[in-house]
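Peer 1: Got a structure here, written out as structure tokens. Questions coming.
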Amino acid sequence: MKAQNQIPILYRDLNYVSPYNWSSFRKQWICWPGFIAACFASYAAGSYSPGAGQMVDYWKISRIAVLTGITSFTCGFGLAPMILAPLSELHGRKPVFIATGILFVVCQVCSAVTRSFPGMIAARFFAGAGSSTYSTMVGGLIADLYRSEDINTPMALFSGTALFGVGLGPLISGFIAEYSSWRWIFYSQAIANALLVTFFILFVPETRESVLARQKVAVANKLWEEKEQKGLFYEKPGADGSTEKWRLRWKADGCEKPTSIRDMIVKSLFRPFRLLFTEPVVFFFSLWAAFAWAVLYIALAAVPLIFQDVYGFSLSRANAVFASMSIGAVMGTVMSIVQDKIARRYKLLPDSPESRLYFTCFESLLLPAGLFMFGWASRVDVHWIVPAIAIGIATVGIFCVYLSVFNYLADVYGTYASSAIAAQSFCRNVVGGIFPLVTTQLFTNLGYGPAGSLLGAIGLLLSVVPWVLVFYGKTIRSKSKFALDI
């Protein structure tokens, strides 16, 4: 027997079914828990601020110091995917999601029981790191299951649930903070997230194709090893009429593990920043998305301030206004799904990455419009429903920015898309975490109207980004080293 001779057979001959070809029901069974996870991650970010007043009294520190808990959370949320993303590509989505989900639950419990503010900051940082997979991993999960031509609807649902959670967090936590203790803001999340992680452990399968292929190949090769131990080999006819015994081994062609995890992580840390500072598309999209996300975090501090100061709302009533943000997220999601179906049905859009931006060119203007309206309508002689509606309008604009950035970067950068998205995610979360620290000073020193106008003017200036790419995107892409390598 030629012990070293092996005949490799591709794993696709193993009755292997790609996740792309799974049934619609199975895909939705996997995606909807992912959407809920994205909602929980955003909920965790937004739920912190309603308890700030009680924390100020408990630790005898300033409100600005307490709000650094939001900054700590977003820093963990922005940094962790740089390391966790390559680990999920190597070991699969499920084990990384479960491990970080458990970390998230533990850190929520730590946030609830801590007796020191530094302990709260540390717990919030690691809670942000743990919950980051609830957002970034879901995007990868969707990419595992849907081809580019079918991805808009699940991506819209993912983006919508993420924004929905930002509004839902302060809405519910406002009532918890007013009628119970701030500690139950975190206890309640720990319970809900523990149930979600348990569901993922029991019912949600792995979706990463390379990992599934390696698992299938490992099982098949183990069966061949058992046969060989019994003396059963593949017999290959020789040229002289004799037979030779060969070993058969399945091969996960193109799905092998990388040689070095360290090199993979270093690359994942370096490449996003290289894209950020060398690719104009990534830089300006990151700037645009960072501002849009910062507006959400500004709202976390501005809405309670304005509605309690101007309209005399209680803590719970002021935070109930965030329902308009959740409603705006739902409206943006429905609008995106409907317009995509209409455009595809009547073939209204060309087959190019820039077609992702046609609707966004107009819809993103809702962001500055909502900011102008919010600032100047926040007066005692204007009914409170008007600035509340303005928040919903701005949220629809934020949704359009958020979704178009994801879709366009994925289309343009292909295999480098995860790095491009990681770059903008880092900027988005770090900038978003800083803004709540200056929101009170911004609105009290400038006044509500001028502050809204300043933010609206920045949003209006950045709304030029999709227009530039619609007209010059192809030229810009032709000069991109990364885009040309795809």
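Placed from the backbone N, Cα and C atoms, the Cβ positions cover glycine too.
In case it helps, TrEMBL gives these features for our protein:
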TRANSMEM  29-49  transmembrane segment
DOMAIN    30-474  domain 'Major facilitator superfamily (MFS) profile'
TRANSMEM  61-84  transmembrane segment
TRANSMEM  96-115  transmembrane segment
TRANSMEM  121-143  transmembrane segment
TRANSMEM  155-176  transmembrane segment
TRANSMEM  182-204  transmembrane segment
TRANSMEM  281-307  transmembrane segment
TRANSMEM  319-337  transmembrane segment
TRANSMEM  357-378  transmembrane segment
TRANSMEM  384-409  transmembrane segment
TRANSMEM  454-472  transmembrane segment
Peer 1: Three or more CB pairs closer than 8 Å, sequence separation of 6 or more: does that hold for the transmembrane segment (96-115) against the transmembrane segment (357-378)?
Peer 2: no
Peer 1: Does the transmembrane segment (454-472) reach the transmembrane segment (29-49) with at least 3 CB pairs under 8 A, where each pair is 6 or more residues apart?
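Peer 2: Contact criterion not met.
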Peer 1: If we skip the immediate neighbours and take only residues 6+ beyond the ends of the transmembrane segment (281-307), which ones have a Cβ under 8 Å from one of its Cβ atoms?
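Peer 2: Contacts of the transmembrane segment (281-307) (Cβ under 8 Å, skipping residues fewer than 6 from its ends): 45-46, 49-50, 67, 70, 74, 163, 166, 170, 174, 275, 313, 315, 317-319, 321-322, 325, 367, 371, 378, 384, 387, 391, 394-395, 397-398, 401-402, 405, 408-409, 412-413, 420, 423-424, 427-436, 439-440, 442-444, 448, 455, 458-459, 462, 465, 468-469, 473, 476-477, 480.
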Peer 1: Who are the chain neighbours of the transmembrane segment (384-409) in space, where the CB to CB distance is under 8 Å and they lie at least 6 residues beyond its ends?
Peer 2: 139, 151-152, 155-156, 159-160, 162-163, 167, 281-282, 285, 288-289, 292-293, 295-296, 299, 303, 306-307, 310-311, 313, 321-322, 324-325, 327-329, 331-333, 335-336, 353-354, 356-357, 359-360, 363-371, 373-374, 377-378, 417, 420-421, 424, 459, 466, 469
Peer 1: With CB pairs under 8 Å as the measure, which of the listed stretches 29-49, 61-84, 155-176, 319-337, 357-378 comes out on top against the transmembrane segment (121-143)?
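Peer 2: Checked against 29-49, 61-84, 155-176, 319-337, 357-378; highest Cβ contact count belongs to 61-84.
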Peer 1: Excluding the flanking five residues on each side, which residues at least 6 beyond the ends of the transmembrane segment (357-378) place their CB within less than 8 Å of a CB in that stretch?
Peer 2: 292, 295, 306, 310, 335-336, 339, 343, 349, 386-387, 389-398, 400-401, 403-404, 408, 448-453, 455-460, 463, 466-467, 469-470, 473
Peer 1: What same-chain residues lie close to the transmembrane segment (155-176): Cβ under 8 Å, and 6 or more beyond its ends?
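Peer 2: Non-local partners: 31, 34-36, 38-51, 135, 138-139, 142, 182, 184-185, 188, 296, 300, 303-304, 315-320, 322-330, 332-333, 336-337, 340, 395, 398-399, 402-403, 406-407.
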Peer 1: Does the transmembrane segment (182-204) come close to the transmembrane segment (61-84), meaning at least 3 CB pairs under 8 Å for residues 6 or more apart?
Peer 2: no
Peer 1: Would you mind listing the long-range same-chain contacts of the transmembrane segment (29-49), meaning Cβ under 8 Å and 6+ residues beyond its ends?
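Peer 2: Tertiary neighbours of the transmembrane segment (29-49) are 67, 69-70, 73-74, 77, 97, 101, 104, 108, 124, 127-128, 131-132, 134-135, 137-138, 141-142, 145, 154, 157-158, 161-170, 172-173, 185, 189, 192-193, 196, 199-200, 203-205, 207, 296-297, 300-301, 304, 322, 436.
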